[in-house]
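Trainee: Attaching a single structure in C-alpha cells format; questions to follow.
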Amino acid sequence: MSIKIQQEIEDLKKLIRKWDKEYYVDSLPSVEDFVYDNHILRLKELESRHPEYKTLDSPTLKFGSDLLNNFEEVEHSVPILSLDKVYDLDLLKSWIDKIDFNNSFNISVEPKIDGCSIVLYYKDGILEKALTRGNGKFGNDVTKNIRTIRHIPLFLDEKVDLVLRGEVYITKENFFKINKFLEKPYTSSRNLASGILRRVDSREVANFPLNIFIYDFLNAELELKTNDLAIAKLKKLGFKVDPLIRFFDQKSSIIEVLNYIADITKKRNSFEYEIDGVVLKVSEFVLREKLGYTSHHPKWAMAYKFEALSGFSRVNSIVVQVGRSGKITPVANIDKVFVSGAFITNATLHNQDYIISIGLNVGDVVKVSRRGDVIPAVEMVINKCSKGVFKVPDNCPACKTVLVKEGAHFFCTNNSCPSVAVERIKYFCSKNCMDIEGFSDKTISFLFEKEFISSEIDLYTFNFYKLLKFKGFKDRKVYNLINSIEASKKKPFSKLLLSIGIKELGENAIRLLFLNNLNSFSKLFRLCQDRNFAFSTLLKIKGIGEKIALNIIEAFNDSTMLNKFKFFENLGFKMEESILIDDENRLLAGKKFCITGTFNGYSRSIIIDKLKNKGAIFKTCVTEGLDFLIVGEKAGSKLEKALNLNVKIMSFEDIKSYLN
C-alpha cells in the first residue's frame, strides 16, 4: 500500500511540473485551472496523510515558474507569492468567517484578470525595471517590452521608490483579431498576452495592444493603512486600476460581499477582458501583517475561481450520426478540452445550415461550450485553418439511402436503416424510457450486429440463453437480462408511450395528454380515427402544437405502430394510466419549469417527478419561454441566466405544498 501511495505522489509531482512548464513557460496549457487545482489538492492530501513522502521539491511548497533562458533573471526585492483559491462559495464564506476583524469588517473584492503577472520597480519615480513573477524569487527582466505598454507611466509626479504588482492582459476583441492572423493560434487571451510579453524584440511587442491593471503595493514606503487608500494613491500616480474593485467596511455584511461576487459572475461575459474569478483581500494592512503568509500565499487574500464555461480546441474530424428518427447530426471530434467540469472530445454541429453559418471545416480552431451545462456544442470558428466548409454527404452513412431535407435537418427516410433501428432500440431501453437494466448501448449493438434483434419487439421474443456461448455473457448476466425484460412489462403506460418513439412526443406532452383525459391507448386510438376532429381537439391543449398533434394522429393511424401497441398489449403491458386531476394540478399544467441547486431532504429527480405528475413541464436549460426556475442551495449559472431573462424564481418553500 505504501509503495502505491509513494508512486501516486511521484506521478502527481511529475504531472504538475509538466503542466507548470506548459502554463508558465510555453504559454500553451493543456488542462484547465480546475483540473490543475484538483491535482494539487490531491497531492496536498496525500502529503498530509503521509508526511514521510513529502520532499522539498514538491509543487505544494512552490508555485510554477515562468522563467525563460532568453531573458535575464533578476532577483525580486520581496517574495512574489501566489494566491490561495477555492471553487466553492461556501468555502469562500468559511475563509471570511475565520478572520477575526475585531468588529471592524474590511474586505475588498475585485475581478481576477486572466492575464500575465508583472512586477514594476520605480526608483525616484522612474520605471527602473519590470520583472515577470518567475519562480517567486527570480523573474525575467522584460523592462523593454513593458515600456511599450502605453498605460504604464515611465515617470511619476512624485520621486518615490515603489514595487507594484499588476496584470498584463489583452482584450477579448483584440484577442480574436490577432489570433486570426497567427499561424499557430493561442487558446486563450491570457496565453496570447504572455506570449507577446515574452517576445525578444520589443519593437514586435509595441505592435500589439497589451493592457495592464495595477492592483498592489509590495513595499510600505508610502505608509498607506488600507487597500482603498492604496488604490486611490495608484490612481493619483497615473496607474490604471480595475474600476470594478469594491471596498466593504464595518457597515457592510458578508451577504453584500457575496451579492457583489454574484453580480460580477453574472456580468463577466460582458467585460472587455477575460476574468477567471474574483479576488478577496483584507483591506487593513495591519490585519494583513497579523494574518501573515505561507511560503505559497498570503493568508489575507483568497481567489474564488470560476469553472470554465467554454474552451478552444481544434476539429480533427467530423462524423455524421443517424438518430432514431432518421435525423442526421454532424458531430465534431476535437482535441480534448476541459469545459464546465468535464473533458470534451465531441461536440454537436447541429446541422448543415449551422456549419455553413460559422464557416467550419476539419482543421479549424473553434470555441466550444456546454449548452445548458450538458450538451457540448461548437459555438464559432476562432481560427480558419482550412479551405471551404464541411458538407454533409448526400447519402445515409449506414444504408446509403439518399438523404431528404426537412427544414434545417437532413433525414434518412429508410424505415429499415440499421442505424435508425438500433438507435430506436437504445432509446426504448434507456433510463428515461423503459429503463431496462443491463441493456447498455454496447450490449444492444452486440445483439443487433449478431442479428438476434432488429426491433424493440425482439427483446421480448429472443431466447437470451443463446448468449451463454458468447464471451462476457455468464449465467448471472443472462439471468439479469431476462429479469430486466420481465420487470419492464410492469412499467406505466406513459413510459411505453414515450418509448415507442412517436416523433417529438416527449414526457411533457404525454403528461398534458393524460391531464386532458387522453390517458389510455384506446382513447388516443379512437380520437385519431377522425383526423380533423383529433387535430382540433389536440390543439386545444395548451402546450401541444401542430407538429406534435400531426405526429400523434399519424402514429395512431400507422399499421406498424399499431401492431407494436397490439404486441405489447398481448404481453400484458399497461395500456392505461390514471392521473389525479384537481384544481391544484391544473394550476401547474402546461407551465414550464427548470430547476437548479440542492434541496434538503429531496433529490431534484423526486421534485421533478412529483411536479410532472401535476402537469408541470420541465426543461433542462433556462430560456425566454420559461415560466419558473426552482432554486435551491448552491444554485448554479441557471440562476444568473434566469435573472437576466426576468424568469420568475421559486424557492423550495414555494413548491413544498405541491410535493405532498
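Even glycines carry a Cβ here, placed using N, Cα and C.
Annotations per Swiss-Prot:
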BINDING   D33, F34, V35, Y36, D37, S82, L83, E110, R133, E167, K281, K305  NAD(+) binding site
ACT_SITE  K112  active site, N6-AMP-lysine intermediate
BINDING   C396, C399, C412, C417  Zn(2+) binding site
DOMAIN    583-660  domain 'BRCT'
Trainee: What are the helix, strand and coil residue counts for the domain 'BRCT' (583-660) according to DSSP?
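Mentor: Secondary-structure breakdown of the domain 'BRCT' (583-660): 31 helix, 19 strand, 28 coil.
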Trainee: Please tell me which one of the binding-site residues listed here (V35, D37, L83, R133, K281) sits closest to C396 (Zn(2+) binding site), measuring Cα to Cα?
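Mentor: Of the binding-site residues V35, D37, L83, R133, K281, V35 has its Cα closest to that of C396 (Zn(2+) binding site).
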Trainee: Could you check which of the recorded positions (K112, C399, C412, C417) sits closest to K281 (NAD(+) binding site), going Cα to Cα?
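Mentor: Closest by Cα distance to K281 (NAD(+) binding site) among the recorded positions K112, C399, C412, C417: K112.
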Trainee: Measuring Cα to Cα, how many Å separate V35 (NAD(+) binding site) from C412 (Zn(2+) binding site)?
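Mentor: Cα of V35 (NAD(+) binding site) to Cα of C412 (Zn(2+) binding site) measures 41 Å after rounding.
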Trainee: Measuring Cα to Cα, how many angstrom lie between C412 (Zn(2+) binding site) and D37 (NAD(+) binding site)?
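Mentor: Just about 46 Å between their Cα atoms.
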Trainee: Given a separation of at least six residues and a C-beta threshold under 8 Å, show me what packs close to D37 (NAD(+) binding site) in the same chain.
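Mentor: Set apart from D37 (NAD(+) binding site) by at least 6 residues yet with Cβ under 8 Å, we have K85, Y87, K305.
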Trainee: Would you kindly give the Cα-Cα distance separating K112 (active site, N6-AMP-lysine intermediate) and C417 (Zn(2+) binding site), rounded to the nearest Å?
Mentor: 53
Trainee: Suppose the Zn(2+) site is C396, C399, C412, C417. Which further residues of the same chain have a Cβ inside 8 angstroms of that site's Cβ centroid?
Mentor: V322, G326, N395, P397, A398, K400, T401, T413, N414, P418, S419, V420
Trainee: Using C-alpha atoms only, work out the spacing between K112 (active site, N6-AMP-lysine intermediate) and L83 (NAD(+) binding site) and round it to an integer in Å.
Mentor: 11
Trainee: According to DSSP, does R133 (NAD(+) binding site) fall in a helix, a strand, or coil?
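Mentor: Looking at the DSSP assignment, R133 (NAD(+) binding site) belongs to neither helix nor strand, so coil.
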Trainee: What does DSSP call D37 (NAD(+) binding site) in the simple three-state scheme?
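Mentor: DSSP call for D37 (NAD(+) binding site): helix.
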Trainee: Counting every protein chain present, what is the number of Cβ atoms, excluding its own, within 10 Å of the Cβ of C399 (Zn(2+) binding site)?
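Mentor: Result for C399 (Zn(2+) binding site): 16 other Cβ atoms within 10 Å.
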Trainee: Measuring Cα to Cα, tell me the gap between R133 (NAD(+) binding site) and C399 (Zn(2+) binding site) in whole angstrom.
Mentor: 59
Trainee: Based on DSSP, name the secondary structure state of the residue listed as 'active site, N6-AMP-lysine intermediate': helix, strand or coil.
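Mentor: In three-state terms, the residue listed as 'active site, N6-AMP-lysine intermediate' counts as strand.
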